[in-house]
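**Student:** Annotations per TrEMBL:
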type   : residues  : note
DOMAIN : A:22-88   : domain 'RNA polymerase sigma-70 region 2'
DOMAIN : A:132-171 : domain 'RNA polymerase sigma-70 region 4'
């Protein structure tokens, strides 16, 4: 309820409401962007742009067509992918689909994310396919079909599989919080 | 899978089933078509349980994405953003000593102000066009994806239609057996392609933890060979399943088996059975 109210005020260009929403989702958006561009400074810069874009297009958000977070997430994924497609990254375009954030936890990159212990706890008993599926669908904006091709699983099972992966994630979160 | 819009023609919908289908997870991911989004939104307003589920799914994605945010001292923050969107109010006004009247300087300042105004109008217009462009670009991407999906679903429908109409395809109706007398299924077997299409619309939904398994049978002596499982039965919209069948089948049967399937059919759970017409 509170969220709906904030979003409505945001759409009426209420800067106070916008600041609250910014505070609520900044880390998430920056996290998603970071997993795509893998550069801390750029991730921060792009995330600022994402919120600016959200503000400038606030009237185009329609609650009937999706969650507010999903809307911002979409802007963020597009902005991050655009960045990758820009000239400076052209040659590494292929890398986009091959680096999973799950690997971050295993590499020296570990100190670059703010809560690597949290990450490990959240994904601890999830299969690799599960983590990859979640990353593709939520963080990289793959369609079901693209994800099924990338991970070599039947298209018809993406939906139910994703449900069970997210359910496991939710269980881990519940354990974490209790 | 198709779910009716709640409240229009149906008094109740199976909320548990709807939730279990995984549609809400895709809703949060932003992977649904516009129509599906609208439908989920309406259902969420009608059924608090659906809304709660959506919030819980979103919370899990939020928790996960938060952990991977880069570890940087937040240098920019909301003040920087306010500048970007032109909302920052200057809170400190520096009082300058009154300069002596200097007309050339005044004209200079006036020109600078005009130039500044012109520039900011230019930037405003530019960013407005840019965001308009972004919105259109996004819409375009969504439309392209919808067309693509519609086309691939059309292709597979055509494929099935062709298979059904092919004169070399052997059609066998399977009749309901003791455990489920009213159930039925149809098998379309393309011997050349070694494929069978099972139309399983006449089978009830399998109970939790159970799946349907299809068997190719040879008679005298009776020996069953598994052809496959009807995967994700509940979420399959048209209930048509494609399996490969390299066997010399004389009959087909469908049994209910524990998840993952069995090596041999559980005959007490034989739902439907049908023998090929002797040719």
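Heads up, the Cβ atoms here are built off N, Cα and C, so glycines get one too.
Any TrEMBL annotation is an automated prediction that lacks curation.
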**Student:** Which residue counts does DSSP yield for the domain 'RNA polymerase sigma-70 region 4' (A:132-171) in the helix, strand and coil classes, in that order?
**Tutor:** 33 helix, 0 strand, 7 coil
**Student:** Work out, from DSSP, the number of helix, strand and coil residues along the domain 'RNA polymerase sigma-70 region 2' (A:22-88).
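**Tutor:** Going through the domain 'RNA polymerase sigma-70 region 2' (A:22-88) residue by residue, I get 59 helix, 0 strand, 8 coil.
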**Student:** For the domain 'RNA polymerase sigma-70 region 4' (A:132-171), provide the mean pLDDT of the predicted model.
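**Tutor:** Across the domain 'RNA polymerase sigma-70 region 4' (A:132-171), the average pLDDT comes out at 93.
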